[in-house]
Amino acid sequence: MEPSALRKAGSEQEEGFEGLPRRVTDLGMVSNLRRSNSSLFKSWRLQCPFGNNDKQESLSSWIPENIKKKECVYFVESSKLSDAGKVVCQCGYTHEQHLEEATKPHTFQGTQWDPKKHVQEMPTDAFGDIVFTGLSQKVKKYVRVSQDTPSSVIYHLMTQHWGLDVPNLLISVTGGAKNFNMKPRLKSIFRRGLVKVAQTTGAWIITGGSHTGVMKQVGEAVRDFSLSSSYKEGELITIGVATWGTVHRREGLIHPTGSFPAEYILDEDGQGNLTCLDSNHSHFILVDDGTHGQYGVEIPLRTRLEKFISEQTKERGGVAIKIPIVCVVLEGGPGTLHTIDNATTNGTPCVVVEGSGRVADVIAQVANLPVSDITISLIQQKLSVFFQEMFETFTESRIVEWTKKIQDIVRRRQLLTVFREGKDGQQDVDVAILQALLKASRSQDHFGHENWDHQLKLAVAWNRVDIARSEIFMDEWQWKPSDLHPTMTAALISNKPEFVKLFLENGVQLKEFVTWDTLLYLYENLDPSCLFHSKLQKVLVEDPERPACAPAAPRLQMHHVAQVLRELLGDFTQPLYPRPRHNDRLRLLLPVPHVKLNVQGVSLRSLYKRSSGHVTFTMDPIRDLLIWAIVQNRRELAGIIWAQSQDCIAAALACSKILKELSKEEEDTDSSEEMLALAEEYEHRAIGVFTECYRKDEERAQKLLTRVSEAWGKTTCLQLALEAKDMKFVSHGGIQAFLTKVWWGQLSVDNGLWRVTLCMLAFPLLLTGLISFREKRLQDVGTPAARARAFFTAPVVVFHLNILSYFAFLCLFAYVLMVDFQPVPSWCECAIYLWLFSLVCEEMRQLFYDPDECGLMKKAALYFSDFWNKLDVGAILLFVAGLTCRLIPATLYPGRVILSLDFILFCLRLMHIFTISKTLGPKIIIVKRMMKDVFFFLFLLAVWVVSFGVAKQAILIHNERRVDWLFRGAVYHSYLTIFGQIPGYIDGVNFNPEHCSPNGTDPYKPKCPESDATQQRPAFPEWLTVLLLCLYLLFTNILLLNLLIAMFNYTFQQVQEHTDQIWKFQRHDLIEEYHGRPAAPPPFILLSHLQLFIKRVVLKTPAKRHKQLKNKLEKNEEAALLSWEIYLKENYLQNRQFQQKQRPEQKIEDISNKVDAMVDLLDLDPLKRSGSMEQRLASLEEQVAQTAQALHWIVRTLRASGFSSEADVPTLASQKAAEEPDAEPGGRKKTEEPGDSYHVNARHLLYPNCPVTRFPVPNEKVPWETEFLIYDPPFYTAERKDAAAMDPMGDTLEPLSTIQYNVVDGLRDRRSFHGPYTVQAGLPLNPMGRTGLRGRGSLSCFGPNHTLYPMVTRWRRNEDGAICRKSIKKMLEVLVVKLPLSEHWALPGGSREPGEMLPRKLKRILRQEHWPSFENLLKCGMEVYKGYMDDPRNTDNAWIETVAVSVHFQDQNDVELNRLNSNLHACDSGASIRWQVVDRRIPLYANHKTLLQKAAAEFGAHY
C-alpha cells in the first residue's frame, strides 16, 4: 500500500477518508522563477515609502489577531536550576520571565505542572523584520507562532503578507543539529547542488533555522550564492523553522506592535545550551510551546506545514498539480530518523547524502539490502560504527525501534534515494533530487500527465536527458506530441540539443510545433550575447513604419527578422516573412531580458493555450527553426533540426552564407572562428547530400541546383553557393559538369575546340556533321537554320566570337592611336566610336537586366561590386573624356594622351577572358592579391624612401626652392637608388661643378651640393652620406624587398593550393555572363540591343532568367524531387554516422562506455542484478509459504480431532504467519521485497486516526513463535457510533469472556479463513503475527472482521462498440465509488451488518429494490480472493479478512448491467460513482488495486 494512503484507511467503517487538498490560486506567477520577492519588495520600498508604512500597519494588526504565542500562566518550581543557578519553573523560565499573575497563589496550587492546563495562548508579540548586526544588512522576516497555529494561517502569512511566490518545489533539509565535519569535496557538492536546484526551480528551502549543523551548511551555501550572483538572479527563499524557547537573545525580537526592523546579534560564544539564528536565512518561523530550552518543539508544526504546502495545487497552464516536496538528509540522530520515517510515511521522497555521517550513513549502508536482511543485529553493528560516542546509551528497545523504522524506510524504496559522491553518474545533489522526484512520481497514482509534465520540466532544467530517457519516456505513459510542445520550447531556448532530439524521437513534429506565435516567442528570447540580437534591435529602432506615438521599446514582428535575414542572405533573395496586414497584434517587447527559461513553463503553456484557437503555421517550420538556431551559432541544435529539413541542400548552403556574413561582423575572435568552422561544416553537408544525389541520378541532381526554392527567398542552390563563396561545393564534379553543359549550350561537350573554331571561321561546315549536338532532333534531322541557331547561341561560341571581336577592336584602336590619328576623325576612328557605343549598350543592358526584380539601386550596387564592371566603366568614362578633348582642336594632343592611357585599361580588360583558362585563371587571382600586398608594402617602403631622401637632400643641398627638383632630390632619386641608380655626387668623388647650378638658377640642372669654392671640393661630410646610403640600401634592397618577395610567395602558395577550386568557382561568372549575352559580337550586337529595347521598353515584356540556370518546377514535380532528396539525405546521414563510428577515437569511446556500463552492472545490488530471477524466486517462495500454511492447518485439524497424540505430531518449520498466503491484498506488489513476507501495513507505528503509537515490531519478531521478551504493546479500543454492533470496550478482560472464538457467535461469524486461531488470556491472536498493538483498535470486533468486496467489471469499448485493447490485451472497466472527504476511489465494498450479505457502502449507492438481484449476482460471481487482508487497522487481537467476488458483464447490452446502471445512485451528497478503466496507475486504494489485479489476471485483461 502507498504510505500516504495507509493511515487514511482506518476509519470506523472503511469509509472515513481524508478530505481533498485545498486549492490555492497562483499568486502573481511570472515566467522567471528566480525572481525573488525580497528584491521586488526592496525596490517597492524605495519607490513607495508611504505604501510600505501602510503594509507595516496592516501586518501589525493582522498578525496579533490571527497568530498566537504561548505563555506559562502558573509557576511550578522545578527541581533543576538554570545555568545561572536561579530557580526556574518546570517550563524552564524564571520568576521574572513569567507573567505577574503566574507567580501568585492559584487554583492549581499543589498540582503537577501540565502544559495543557498551565500554558495559554496569547497574541504574539514578536514579528516583523530582522537585521543581523555587523553582518549582512539585508532585511529578513520573522514571526513567533504557537505550536498549534494552523498551517493555513502560516501559509497565508508567507504568501500574502510576506509576498513570497508560491513555490514550484519544496526542499526540506534535515539532519544534524550540532556542528559536524563533512569532507570538503562533499560539502562543495552539496552546496552547489542545493543552490542549483533551488535557483533553477524557484524552490523554498526549509531548515531548522539555527546557526549550527546542517542549517549552517545550508546558510553558507545560500551566502556563497548571494555573493556570486547578480541582482537579476534574485534571492533564494530559505525558511528557518526553529524553536522559540531555544533562540539565544530572543528578547530583542519582542515588540507588541512588531519590529521594523529588530536588530539581532549573532553571539555564538555566549549562547550556552541555546542556539543563534542563522544570518543567511531569509525568513524565520519561531515555534513557541511556552517552554524554555526544550528542543524539537518545531518538528510537529514543521511537518504539518510542509505537508500542507505540498498538498496545495498550483495552476500550470490550465492544469492544477500539487507542489512537489523532497527531503534532503545530512548526518542526524534520532530526531532525523523520526523525520525520515514520517516523511516517507506521508509519501515524501527523501535524498540521503552518504558520507555525511550517523543516521544518513546507516540508512545508506542498508538501502540496497532486502528488508529481510535488515536485522536487529545488523543495525546494532551499524550503530556501533557510526554512533561510537553514544552507542553505550542505546537500549535494546531503542535498537528495536531503530530497526523497525529503518525497515519501513527501506521498504519504501521508491521514496528513498541515496546520493553517493561520484557514483551512479550522480555528480551533484540536484541530480539526486531529480531522481527522487521522478521515482516518487512514478509510484503515485494519477490520471493526467501533469505530474510527468512537471518532472520532465525538472529534467530539462537540469539537463539530464539520460534520466528523462530512462525514467520518464517509458511504455507505461504515452506522451501526446502536443504535451511536449512547451517543454520543447524550453529546451530550444535553453540550448538543450539532446532533449530536442529526445522529443523528436517521441513524436514531436516540427511542422506542428512551429507556429507564428512560437517562432515569435523564440526570437523574443534570443541570447542577448549573439550578434543577431543586436542587429535585430537596430532594425527595430530604425523601423520607418514605427508610429510616432509608439513606446520606447518597439514591438517585434517577423518582418523585422526577415529584414535582418535578407541582409545576411543577400538582396537576391525575397523576404522570408511577409509584412503583416495589421500591426495591432499584442507582442512582447524587445529587448527581452535573457531569462534562463524556468521549468514550470507558465508563459509557454499560456502561449500554446492562447494560440490553440487560431493556430497559424509558417510556410516551412523546419527552415524557421533552423535559422533561429543558426543565427545563435548553436551547432548541435542546428544539426538536429537540419536533419529534419526538407530542402536540405539549399538549407545547408543558406546556413553557410548566414554564418559567413555573421562572422565578418563578429568582434569576438573565438566566436567568429566557430562560425566559420560551422559554415564549412554545412558546406560539407551540402556536398555530401549532393554527392549522393549525383551518384543516383545526374539529371535530377542538376535539377536541384537550378530549382527555385520558395522557402529560401525564391533563389537556387547554385546562387546560394556562389553568394556564400562555397568554393568546395561549386568545384564539385557534378556542378562543374552542369556548368560545362551550360557552357556548351545545345552543343555536345565532346566537341573539340578546334571544331568550333573551324565552324566559326567557315560556318558552312555545320552542315557536314563536324559539330555534334546533344539533342537528337538537331543531330539527325535538324534544319540548317536550327543547327546554326543552336551553334551561334552556345555560350562557348559567343565567347570566342567576342574574343575575336575584342582583339579586332584593340588592333583597330592601336592602329588609330599610332598611325591614323587625324584632326578630322577617319573612318577607322569612327568605327572605333561605333564599336565603343556597342560596348556601352552592352554594359547598360547588364546594369538594367533585373530578372529577380531587385530594384535599380540594388542592381546597380550588385553590378559595381564586380571588379571587371568597374574596370569597364572606368575605361568607358576615360574614353569619353579623351574623345571630348580630341574633338576640341585646342586639346587634340591631351585627348590623344588620354585615349592612349585608356588603351591600357582596355588591354587590362583582356585578363577577364583568361578566367576560363585553368592555367591563367588562378594567376589573375594571384596578381590581384599581390597588388594588395604591394599596396600595403608601399607604406613600409615610403618610410625609408622619404626619411633617407629628406636627410640626404638636407645634408647635400642648401635651400632648394624649386619644387620639381626638391621632389626629385627627396623622393625620386631615393626611389631610383633601390634599383641601382646611385647618385654620383653623394660621396664627392664624381663631383663636377659643371653638371650643376651653384645658385639653382638653371631649370635644367640640379643645385650644387655644399662645396668649397676655393678648392672646388664638396664641403659636406662624405662619410655620413655614404653611411646613410649603405644603411638605406641594406634595409630597402635586402630587408624590404625580400619581405615583399616573401609576401608574394605566401600569396602564391595560398592560391596555388586551391588553384582548382578557384578556377572552377570563377569560371561560373564568365559562363553566366555569356550564357545571358546576345549571340552577336560587337558591333553587330547593336541589332540585339535594338530588339531588346523594343521588347522591354515598347512592348513592356518583363525580363526572365534563362531556365537553364533558374527553373521553377511544377508542384508535383517539385514534391517528388524533394522527397527523393530527403531519401538520399537519410543515406548520407547514415553513411556519415557509420564513418564516425569507424574512427579510432569513436571506437575507443564506445569501448570505454561499454566498460563503464559493465562496471555499473557489476556494482548493482543483488536485487537489481538478478532481475526476473528474483521475481521467480519470490513466486516460488509464495507457493512454498502457502503449502506450509496448508500443512500447519492439516496438522492442527488432525490433532484437534484426536487422530494423533501430541508426541506423534511432526516437527514443522515455524509458520511465518505472514508469508503472503495469497496476501497481496495486504497492499504489496508480488515482487516488492523478496523475503519480506510479513504483514506490513498492520505494523505501522502510527495507528490511523488516533494518537496511539504501536510498539515497534521488526520483521524477525513478527511470528508468535519467535521470542520477543521486551514486547509490551499498548492496549487500544476505539469508540464507535454503532456500539450495539461491536464488542465490549475497555482493557479489562471480564466483559470479553462471553465471546466465543473460532465459531459462529450469534450473528457474527468469528471463524477465520485460515483455520482455527490461538486464543490467549481470553483474546484471539492475529494468525499473521505481532502488530505492536493490543485490543480491538478501530475495528468492530475481536478476532476476524469479515468484509466483502464486489468487483463489478465490464469491457471498455470505443464509440463503435469494439473492445479497446492495450498491449494486445483487452481493457476492463470497474465500478468505483468516491465518498465525501475521501481522496481515493474505492471498490463499493467493506464491512457488513451481522447477518447481512451486502456491504454497507454498496447499499449507499444501490437502490434498495435492486438489493436482492445484486445478491444473486454475487452468488453467481467468481471468488477471486479469500483470506487475510494486511490493513493498518489490524491489531494483535482483531484483524480483517475479506472475500473478493468478481461480477463481470461480457455483453454491453446485458439486461442485468443495464438494470444495475439504472439503479445506481448516490445517497450521500458529494458521493461520486463512475466506471473506471482498470490500470495499475489509477488512484485506487492499494488493497483494492491488488484485488483488481487478480480479477484482471483471471480475465487475461490489461492491468
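Keep in mind that glycine also has a Cβ here, set from the backbone N, Cα and C atoms.
Quantities reported herein were computed from a predicted structural model and do not represent experimental measurements.
According to Swiss-Prot, the protein has these features:
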type: TOPO_DOM; residues: 1-752; note: topological domain 'Cytoplasmic'
type: BINDING; residues: THR174, ASN179, ARG302, GLY333, THR336; note: ADP-D-ribose 1 binding site
type: TOPO_DOM; residues: 770-795; note: topological domain 'Cytoplasmic'
type: TOPO_DOM; residues: 849-867; note: topological domain 'Cytoplasmic'
type: TOPO_DOM; residues: 918-929; note: topological domain 'Cytoplasmic'
type: DISULFID; residues: CYS996-CYS1008; note: disulfide bond
type: TOPO_DOM; residues: 1045-1079; note: topological domain 'Cytoplasmic'
type: TOPO_DOM; residues: 1099-1503; note: topological domain 'Cytoplasmic'
type: BINDING; residues: LEU1381, SER1382, ASP1431, ARG1433, TYR1485, ASN1487; note: ADP-D-ribose 2 binding site
type: MOTIF; residues: 1390-1411; note: motif 'Nudix box'
TYR1485 (ADP-D-ribose 2 binding site) and ARG302 (ADP-D-ribose 1 binding site), compared by Cα position, are separated in whole Å by 27
For ARG1433 (ADP-D-ribose 2 binding site) and THR336 (ADP-D-ribose 1 binding site), determine the Cα separation and express it in whole Å. 27
Rounded to the nearest Å, what's the C-alpha distance separating SER1382 (ADP-D-ribose 2 binding site) and CYS996 (disulfide bond)? Just drop the number here, would you? 123
Counting only residues at least 6 beyond its ends, the same-chain positions whose CB falls under 8 A of a CB in the topological domain 'Cytoplasmic' (1045-1079) are 718, 722, 725, 727-728, 730-731, 736, 739, 742-743, 792-793, 795-799, 801-802, 842, 845-846, 849, 866, 912-913, 915-918, 921-922, 925-926, 929-930, 933, 937, 1085, 1088-1089, 1092, 1105-1106, 1108-1109
One finds that other Cβ atoms within 10 Å of the Cβ of ARG1433 (ADP-D-ribose 2 binding site) number exactly 28
Pull the DSSP breakdown for the topological domain 'Cytoplasmic' (1045-1079) and write it out as helix, strand, coil residue counts. 30 helix, 0 strand, 5 coil
Per-residue Cβ crowding (10 Å cut-off), top of disulfide-bonded residues CYS996, CYS1008: CYS1008
Report the DSSP secondary-structure composition of the topological domain 'Cytoplasmic' (918-929) as helix, strand and coil residue counts. 10 helix, 0 strand, 2 coil
Least Cβ-crowded entry, counting other Cβ within 10 Å, from the binding-site residues listed as GLY333, ASP1431, ASN1487: GLY333
Sort out the sequence-distant neighbours of THR174 (ADP-D-ribose 1 binding site) for me: same chain, 6+ apart, CB within less than 8 Å of its CB, listed by position. THR207, GLY208, VAL214, CYS327, VAL328, VAL329, LEU330, GLY332, THR336, THR339, ILE340
Rounding to whole Å, the Cα atoms of CYS1008 (disulfide bond) and ASP1431 (ADP-D-ribose 2 binding site) are apart by 127
Helix, strand or coil for THR174 (ADP-D-ribose 1 binding site)? Use DSSP. strand
Take the motif 'Nudix box' (1390-1411) and count its residues per DSSP category (helix H/G/I, strand E/B, coil), listing them in that order. 10 helix, 3 strand, 9 coil
Might you list, by sequence position, any residue in that chain lying six or more from ARG302 (ADP-D-ribose 1 binding site) with a Cβ less than 8 Å away from its Cβ? SER172, ILE206, VAL241, VAL287
Do any residues of this chain, six or more beyond the ends of the topological domain 'Cytoplasmic' (918-929), have a C-beta under 8 angstroms from a C-beta of it, and if so which? 867, 911, 1051-1052, 1054-1056, 1059-1060, 1062-1063, 1066-1067
Of the recorded positions listed here (CYS996, ASP1431, ASN1487), which is spatially closest to GLY333 (ADP-D-ribose 1 binding site) when Cα positions are compared? ASP1431
Cα separation, CYS996 (disulfide bond) to ASN1487 (ADP-D-ribose 2 binding site) (Å, whole number): 125
